[in-house]
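Feature annotation from TrEMBL assigns domain 'G-protein coupled receptors family 1 profile' to 22-271. Per TrEMBL, the feature transmembrane segment maps to 6-28, 79-101, 121-139, 178-197, 218-241, 253-273.
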Amino acid sequence: KPEWQLLIFGLFLTMYLITVCGNLLIILAVSSDSLLHTPMYFFLCNLSFVDICFTSTTIPKMLWNIQTQSKVITYEGCITQIYFLIHFGVLDIFLLTVMAYDRFVAICHPLHYTVIMNHQLCGLMILGSWIVCILNSLLQSLTALRLSFCTNLEIPHFFCELNQMVQLACSDTFLNNVVMYFAAVLLGGGPFAGILYSYSKIVSCIRGISSAQGKYKAFSTCVSHLSAVSLFYCTVLGVYLSSAATHSSHSSATASVMYTVVTPMLNPFLYSLRNKDIKKALKSFFVKETTILSQH
């Protein structure tokens, strides 16, 4: 609705700026403090970078469309947006899974943590995640390119969503659906099963700790990650279950704002508000910068 455009523009611009600034602050805190050069914060740094990229694939284009009063995107632009959205969305899932494994090793095998989670393994896990996500995005985009459409498309969404594109095609979409659902089960369900397995082991290890203080300390290291996982998976599942139940593309578009915009915005808060190390690193960085500026 035209009367809502200015409000929506302001709301999404604010959320986008909070997302970018919040995640950049985490990257800044981790890179500036040598005490945070550990596997856990290395993965968190990567997650923050991916969250910035994830939101940047959709919101700037949406804001531009509102500003120019044009709801048009080129076919090439749409395919490109689909590619990067799938790439960074799946990469988000992979990073959350890797972080769950990191917590599992830290709590269940603390004496061997530095040996298991060495620099080489951490680098390989990140590299492997990027390679798999690139290949998956390429496959999904290439299968989308083979589709033919009858008329000018009207996508009832604020970004080019692959499922919506497939539904609007005039050609046979069997291959697209097979690839799409196979990837969803393998690259969405597989990591989720890995996260559940890691936390089942973590829970059993925490139960074996004798002191209440030790249990609390072990569990507190997982709270931020568990919150991020719950938020991401609950919103994604909520979107697709609600759209399947209501068959309303507009309600699906509204709900998808949760995992494409709200979750990346909340992640910095989840990881920094309860994390003394991040807050300490940021405080020392800004104090140091202020000191340097005052000296000049």
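Just so you know, the numbers here start at 1 and follow the chain as drawn.
Glycine too: its Cβ is placed from the backbone N, Cα and C atoms.
Counted over residue pairs 6 or more apart, the CB atoms of the transmembrane segment (253-273) and the transmembrane segment (178-197) come under 8 Å in fewer than three pairs, which marks the two as apart. Between the transmembrane segment (218-241) and the stretches 6-28, 79-101, 121-139, 178-197, Cβ pairs under 8 Å are most numerous for 79-101. Residues 90, 93-94, 96-97, 100-101, 132, 136, 139-140, 143, 162-163, 166, 229, 233, 236 of the same chain lie 6+ residues outside the transmembrane segment (178-197) yet bring a C-beta within less than 8 angstroms of a C-beta in it.
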